[in-house]
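Going by TrEMBL, these are the annotated features:
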| type | residues | note |
| --- | --- | --- |
| TRANSMEM | 30-53 | transmembrane segment |
| COILED | 171-198 | coiled coil |
| TRANSMEM | 203-226 | transmembrane segment |
| DOMAIN | 223-275 | domain 'HAMP' |
| COILED | 266-293 | coiled coil |
| DOMAIN | 428-650 | domain 'Histidine kinase' |
| DOMAIN | 671-784 | domain 'Response regulatory' |
| MOD_RES | 720 | 4-aspartylphosphate |
| DOMAIN | 789-905 | domain 'Response regulatory' |
| MOD_RES | 838 | 4-aspartylphosphate |
């Protein structure tokens, strides 16, 4: 017997047979003991299971039969319900005659037949009789419904009464069938219950015997195992408490001996683990020292959001937190503590809402990087999840960085202010430079005419050089001003419809002298049908002029070709212009920097050919502004090809914005406010009002309309209903709820005709420099009558003298005024035939002068030609078009262009005069 077996002494109270069996079990391995116990249990379980299985099988068969009876009872009940639905819908059909009732009756009848089909298998006679009555009921009820449909209510009532008799028979038969099936089911159920109770009693006896035998065997096996296990358990307790020097008992060669060996191995591993833990503690202290050395606050949260580790830098950033109090504190407690001390910015949220938001971000940071203000400090918070579900948070003090950002923002604002000042300076200087240049160019042109008239041809060449130099200088001023506007994003686009062929003819005539200067052959390859464009004609003309003048400048004795074609694309028609030359060409490196401002191909280009390098930069910017693009292909020694592609219809948002800009100019008399998001509709209504002698102001949205109404208090409001964001109903409610606006009449206009939408708006003339003297004279002649008085209002003496000499030479009486105040006084006294008006003047400028003329009845009909060097915005130009017959910019060729403008005025007035005379 083994040592383990010897230690298992039987208790004296155990019977002798049991002690003998226990002794034999002690000599067996534990696996055999357990197997014996298990086998006995399995045998008992199998025998009892066989018995119970047979009993349950018999019960299951009987229960299946019982269930089938209950299913039949359910089918009978369902058939009864379906017949009730059928009877309801047929009755409803006879009353309402609705197709829905007929469909519902058909569906109920289908359900009824389905249930009867199931019952027919077991009660065919009863089901046959029920079906017969149902068919008779349905047929009679439908006949009654047909009688009602034919308005034969007596017959319908008779048939309906007959149908009720069949309905009663159906109810009686169905009830009888239901009761019969229920009675059969109940009897079967009682039989099953009795059988089940008997089986349960037998099973209880059998299980009791199995349990008793199993308990006895289990007790004997346990006694052979528990003794040795207790001794080993004491050893395990000592090892668990850290007493690794305890002696391990030797239990022999059975399983307990194997366990003793395992405990010995565990003892050795525990000793090794202790050594590793000591090493880990040393490394932890090293990591803690490293965390203390970093410049950022560091916190490690466990999966429950409680602090495990926090370095001292964190406490420096948040002095209210004590190092010895942080460990184990939850993130919510940290938030509530900061909140209580007023150290956080709630960002407009409530305290609880702010806490919940911070908790949500903390639990799912996903690499969160956030910047928050705590008192007088700014902190950048970076959080990430770690594999065990905890969170690592790094807090960086960025207060100094934020201060630098503020300084950078301040520097940016200063730079923007400086840029704005530069733009204002350039605009002011452009006016100051253009004014004397206008005199230089104008006088040189006049002197050239006089020289030719008096045979002074030797002076013409010198005078042409003066005029050319002036025009070149003016071109440089315009380029610099344009570039400044482009950089400041203040360059405006003026959209108009024009013929492409006419534009190309004008540009070609302008560049012809440049081509001839370098003995270049100028070839035009134009498609026959270029059509019209809706774009900025001035910018497109300048682009073409820049490309052609460049080609002419860098080609000597060669060929310059201008080609143009119209292409249909998915987004509409496009115009493709190509300017090719056989000039010096460029390398790839030169092409890369070609479109940069103040940059040419290389230094030798400026030295040999001159120029500022602004033209192509402006060309590309202008092309982009009108929705186009400019590209270049070039090869050294062979020439260059510049391609400009622009849409035939510019779709810039500026067009819509300009169209939607409300007019703020209110004329005397009655005024109506037009509120409509459609610019075409607004303009149409404004035209109709103007024809009726009413002034108008416009607003493109409901909110803007309410603001304008409060500002100007119109006499009436014309209101569209369908508008985005705030519709007309909302605007109307606002107007009528405002005590100051509720008395203004409101007219709702939702559908408007567009008969005048195609008519042109604006000035009679708008020309750019130069001015044509002959046309100026013809314009003055067309202004009517024998009055030869012309008033020149300009603060620049040289400009006045220039215009005086032009007019006096043609027998006009010229009067001068140096500002708007003096000009108005002279207008009242002289009532001149025409006024030439500058815009930029001291005391009263040209805009104020025009406004005053509109308020003085005797001055309202005097034609005004605006002659100015000011760069006009879209609003200013539109304002002038309503008050002046022409707008001409001072500068190169301003003399000839002014005269051309006046020629058109003369022609139109002469035509009008002839028409009146004909009447």
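Glycine too: its Cβ is placed from the backbone N, Cα and C atoms.
Unlike curated entries, TrEMBL annotations are predicted automatically.
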Sparsest Cβ surroundings (other CB atoms within 10 Å) among the modified residues 720, 838: 720
Outside the coiled coil (266-293), six or more residues from its ends: residues with CB under 8 Å to it: 239, 244, 246, 248, 309, 311-313
DSSP-derived helix, strand and coil totals, residue by residue, for the domain 'HAMP' (223-275): 39 helix, 0 strand, 14 coil
Coarse DSSP state, helix versus strand versus coil, of residue 838 (4-aspartylphosphate): coil
Residue 720 (4-aspartylphosphate) to residue 838 (4-aspartylphosphate) - Cα separation in whole Å: 41
Arithmetic mean of per-residue pLDDT over the domain 'Histidine kinase' (428-650): 79
